[in-house]
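What TrEMBL says about this one:
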TRANSMEM  B:43-69  transmembrane segment
TRANSMEM  B:76-94  transmembrane segment
TRANSMEM  B:100-123  transmembrane segment
TRANSMEM  B:135-153  transmembrane segment
TRANSMEM  B:191-210  transmembrane segment
TRANSMEM  B:238-261  transmembrane segment
TRANSMEM  B:273-300  transmembrane segment
TRANSMEM  B:307-327  transmembrane segment
Amino acid sequence: MNRFIASVVAATALTMPLTAQAQEAFKIGVLVTQEGTFTVAGGDGIRGVELAIDQFGGEVAGRPIEWVLGPSDATPDTAVRVARKLIEQDGVDIIVGPLSGSEGIAMRDYSKTIPDKTIINGISGALETTFVDPSPNFFRFNTDGNQWGSGLGSYVVNELGWTNIATVAADYSFGYTNFMGFAVDYCRAGGKIEERFWQPLGSSDFGSVIAALPDDVDAIYLGIGGTDAINFLNQYQQAGSETNIIAGTILVDQSVLTAEGRAKDALIGTVSSGPQADDYDSPAWKAYVEAYQAKWAPEDRFPTPSLFATGYYNATMAALTALQEVEGDTSDGQEAFRAALSGLTLASPIGDITLNENRQATGPVFISEVIENEDGTLSTKMVSKVEGVTQTLGLEMADFAALGLPSRDTPDCDALNGG
Amino acid sequence: MRAFTQRYPVWSALIGLAALILLYAIFAPWSDAAEDIFGRKRIFLNALFGGITLGALYFLVASGFTLIFGLMKNVNLAHGSLYLFGGYMGYLWVDLTGLWIWAFPVVFIIVALIGVVLQYVVFRRMEGEDLRQTLVTIGIGIVAADIMLWIWGGQSYTILTPEWLSGPTKLPIISSIRDSGEIVYLSYPQVRIAILVASIVIGLGMWFALNKTRIGMLIRAGVDDKEMLTATGVRIQLVFVGVFAFGAGLAGIAGIVGGTFQSISPGEDTRFLLASLVVVIVGGMGSIPGAALGALIIGLADQLGSVYMPTYSVVLSFLIMALVLAFRPQGLLGGGR
């Protein structure tokens, strides 16, 4: 018995200084893909987090900032398992992440089981995450995949005159969502979609699909990313196809533009839309790019930060800014912290971002064209910027909800273009 | 062949009929009614040839895997790493010299040497210990994957196709006939045809070497009864090293092929390990013709599936594997032992 009391006393003595300490570290769990198609993208996401912590000099409101890596493989099951480990074993205060769409939906549901903690989305872009049954402690400071597609559709119809296209896109929630943003805009501008092809994530042989594409279209919308995109473009060239390409957001990201080999050359001249443009000339963006380039040697990073880095950067910046506003107070189930997050106007490198009632970002979308630099590398050149794109693409909430959730057959193009 | 037709006359007739229908579908122009049901002929032909080419790639990986298993009963789960390593080596070589064809012998030798080291240093010490070998090969695979990630980073590499193989070519197969009566021939990427031809040559070469040469005889004898072969004075360890090196080299070559018409990136090692496991289970562990048949079936399932039933193409190959395991656990051409 004496022994028991002694050990209790010892244990109390050990834990006392920790709880009494006011300067407890603020722990961020970084949930990010480290396996499979989005491995490289995930690596850049981590750089975004590190950069944001650097901006605050490693501490906020007197609390040192720590971060813990939660490696996932882009599947919802793993994301939840890793998040649970971060919360339960590593004892993190907030989670920044995840990276991909299905994980986002899983994390929204998981966040409801941990009401005292906060999850700030990394860069996952499924519409449902904040549109259907949103969770009070899940925040998203990046525009979603649906918003990213917006603006591109009317651009190709009005500026390029392409009105008949076929689409090849990834067969999962982000693929549907990014496509829907494009298609709603494109069809409302009067475009037609001849045929839609959906490809499973991780496809490596697109030969048959390339052969099945119709000949008599103005362009092909390509909504795949990472290694899949490299494989597609490689085989597209080998098959001698030369139809114009309209790029979904993840197709022209740095992870594809910096791949080794000739496959990416098929992208020169392609238009795309997304949450950022590499050559955006605002001072905030330039400062951000310089900080990124200064922190890592050229071989350890992309030439300019990818959208994954920017997404994780903005999420971490939002968390730290809100934490500073409440002077490091995460007591009381993080109530004050969450209120600060909701009211935040984040002055991000890409422009001001605010949240709507679903805790979803309203922000800018950029339209860019892929160009070849003198040294043979590829980058994007901004051609247009659409300000303040809302979650509902400018439609009323009810009208937008009436379109249905993104899926293989939604949106119905003929209903939108009046044909 | 004759024995088979005599034993299974009905099956033989059905297989013959299916082959005839297939040949007709390939060479004859399709009627409008047929196109209504199956889609355009071009799509079918491309999926068919795509499947065969993909099968050829799977065969290159899986044949080495199955040969090693057949002789040494060693399930080499680091086989995918050899594939990936071969791909990176091929990229480096082509990037440095621009000689695509020469990448094949060079990479074959490099990866085969790694195979020799693996067999001599690691597997020789744990002969006959299945579980230990399996665990060690998994370990080697994981370590190798991380080392390669460290060296080459996470981005994708595509190996440059040589000028004379880039772009499509016209095959003497009618794709469709326009209303004007003009005949449209099927155009198909040249590099895929080269891969297909190379795989067939390698496959036939292996069959010939196994069945018609003295070394092949030794290997077959080793597969059947290792102890007896050793007792006749053959230095079985040399045969083992040779076979392991050959199988590894094939995986390396497959890496170049995969890097040329797909791409090389982290994760491809496990993808191809899984593919070759499925191929070998379907075809029969340890059988070279089985690997060829299995690779063909899985390749076709993948490509035809991606066109005609895209939603389920992912599960199709595993469905085939499950069916084979349920009704013919030793694999389609596996021995009954």
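Positions of Cβ are set from backbone N, Cα and C atoms, glycine also.
All annotation found in TrEMBL is predicted automatically rather than curated by experts.
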(request) Can you tell me which of B:76-94, B:100-123, B:238-261 gets the most C-beta pairs within less than 8 Å of the transmembrane segment (B:135-153)? (result) B:76-94
(request) Between the transmembrane segment (B:100-123) and the stretches B:43-69, B:76-94, B:191-210, B:238-261, B:273-300, work out which stretch tops the count of Cβ pairs under 8 Å. (result) B:238-261
(request) Using a Cβ cut-off of under 8 Å, list the residues of the same chain at least 6 residues beyond the transmembrane segment (B:273-300) that approach it. (result) 48, 50-59, 61-63, 65-67, 69-71, 77, 79-80, 83, 141, 203, 206-207, 210, 223, 317-318, 320-321, 324-325, 330-335
(request) Using a Cβ cut-off of under 8 Å, list the residues of the same chain at least 6 residues beyond the transmembrane segment (B:238-261) that approach it. (result) 53, 56-57, 60-61, 63-65, 67-68, 71-72, 76, 79-80, 82-91, 100, 103-104, 107-116, 118-120, 123-124, 157-159, 161, 189, 191-192, 195, 198-199, 202, 215, 218-219, 222, 268, 272
